[in-house]
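Colleague: Before we start, here is the structure in question, set down as structure tokens.
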């Protein structure tokens, strides 16, 4: 499923509901929006002040948003596509604005002793490169360590402005 929108707003924004809204909340909001916009009904039904309709949103957009978000399978596919689209644009759902990856998601180059990953935004093949030496330096410089969480390093793509948090653990087999 591709996420297409002429106005570049999500179905959630069209309906004015949060991403975690229940199907019942979506249904109620949809009905209130239609009543508010309907030329015959809007005069006889009291206006609900909780309903905020974005400027420029059409009835067709509202109907399409409801069709997708009220169906569990379509909604799950839409959420995946929306998430993928946001990642390519450099956005994510974390409050700090950074995507999180585990070092296990990187490919290890044994010759260079480097972990390499393609950038999820610009698709640069060597977008993220972390050497073992760099990771060891980060540990020595006092990165936060926790038995459960391990270590974390921030790194920027070599080809674009995307920053990632990379989580990793130390393997103590050498001791």
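From the backbone N, Cα and C atoms, a Cβ is placed for every residue, glycine too.
Pasting the feature list from Swiss-Prot:
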BINDING   119, 122, 157, 160  Zn(2+) binding site
DOMAIN    10-82  domain 'J'
DOMAIN    97-169  domain 'DPH-type MB'
Colleague: Identify all same-chain residues not among 119, 122, 157, 160 whose C-beta atom falls within 8 angstroms of the centroid of the Zn(2+) site's C-beta atoms; report them in sequence order.
Modeller: 120, 121, 123, 124, 127, 158, 159, 161, 162
Colleague: Count the Cβ atoms, other than its own, that fall within 10 Å of the Cβ of residue 160 (Zn(2+) binding site), considering every protein chain shown.
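Modeller: Excluding its own Cβ, the number within 10 Å is 14.
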Colleague: To see if you understand the setup: which same-chain residues, six or more apart in sequence, place their Cβ under 8 Å from that of residue 122 (Zn(2+) binding site)?
Modeller: 157, 159, 160, 162
